[in-house]
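Trainee: Would you mind keeping the following structure in view while I ask a few things?
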């Protein structure tokens, strides 16, 4: 039987491909382990239908704690163990100090000029210095104590006014409270467009996270338009830019001491510094970091802490007893009242272990070719450190999936990235610079919510019926809002 034209072409193509495979030069390079891949999309099919941090963790358990993934056009190495995290984030930290370019960073973050996405170099080093010495110093974080206490008290009053025994949407209330705290820290009391600003930030966070088609096929610019991503981000950015311009224009400035400066005051004071001048867009990009990233991560952590405590009545009873014994019936909670509460600290540490704010941290990018344990890593290879997997590594953590705050008792482990089995804020040069501010915005709100109220699920549901399903975005949030019934 004669072969059809189509069959002939197919046979010829197969023969040609096999010939090319057989005759291509043999490489002596040692290749990282990886799953089987498909043409064009690489390994993306392994992650379809999963939470990215969980899907990548499952692959690592099969292919190793240092593995390769081809995500579309982007060659990526994934680190899922303390051993490899320490190797890369210490020995090779500067080699992997860059950030990969993203469409979101280009449009929303004013061409990647914020602290989070700025490429490694002199500009980033100066931004880091600005954060360390001015914006996010211990002294500056402390200066916002009174507004944290005031906004926490406002939340307590709102819950009390709603009435004992009536369900409260804690997700919405916590997000609003922390957004207000950060808004006041950034801009001062009472910006006119705060609600609109908060909604825009929420939309940005919804557009961020996961593996976006525009970022895994960066050379295919038509996909940016075909997916609608560029148009959506451009529209969001236009609204955002107008709002921040209005906020800056209406900002009264600071005529008193540095101790009363808002974050915007600090940047406007330093904007025309001879040593390190900032453009108007630089200021806006940094402000967006302070407000956007801080609101999402802190509110998510408070929500997850309460969720875990609801599911673990023993721990809930213990932390509430500690708070109520220490405060002895006081009306308002002050930060100095809770600084030495050990079990509250354990609860926060354990929450950050199980629910790190950024489970895949922020991806890095290789700045030059490097050899890792005999594996050749090419320039511009993307690095993902799966903190979610590291924090649940059964080799380092007994009953790793269980919420057990006591595991941190008498432990030297801190949240600051010195121990590589526990990296809630990352480690190395690109570690989250806002860890101190983030912790302050978790500790006091959580203490107030637990001290003033007892909580239960609505409709008589038992504690183990609480839905803990995740939703992936810029951070990992609860998929459903945390709605609980207070009593007081």
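Indices start at 1 and increase along the chain as displayed.
Here the Cβ of each residue, glycine as well, is placed from N, Cα and C on the backbone.
Per Swiss-Prot, the feature topological domain 'Cytoplasmic' maps to 1-6. Per Swiss-Prot, the feature transmembrane segment maps to 7-23; the stated evidence is sequence analysis. The topological domain 'Lumenal' annotation in Swiss-Prot covers 24-488. If you look up Swiss-Prot, you'll see 255, 260, 379 marked as N-linked glycosylation site, on the strength of sequence analysis. Look at Swiss-Prot and you will find 432 tagged as heme binding site.
Help me understand the surroundings of these features in the structure.
Mentor: When pLDDT values are averaged over the topological domain 'Cytoplasmic' (1-6), the model yields 39.
The DSSP secondary structure for residue 260 (N-linked glycosylation site) is helix. Its Cβ placed at the centre, residue 260 (N-linked glycosylation site) has 11 other Cβ atoms within 10 Å.
Taken residue by residue with DSSP, residue 379 (N-linked glycosylation site) is part of neither helix nor strand, so it is coil.
Within its own chain, residue 432 (heme binding site) has 357, 358, 425, 426, 438 as residues 6 or more apart in sequence whose C-beta sits under 8 angstroms from its own.
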Trainee: If I take the alpha carbons of residue 260 (N-linked glycosylation site) and residue 379 (N-linked glycosylation site), what is the distance between them in whole Å?
Mentor: 45
Trainee: Give the three-state DSSP assignment (helix, strand or coil) for residue 432 (heme binding site).
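Mentor: In three-state terms, residue 432 (heme binding site) counts as coil.
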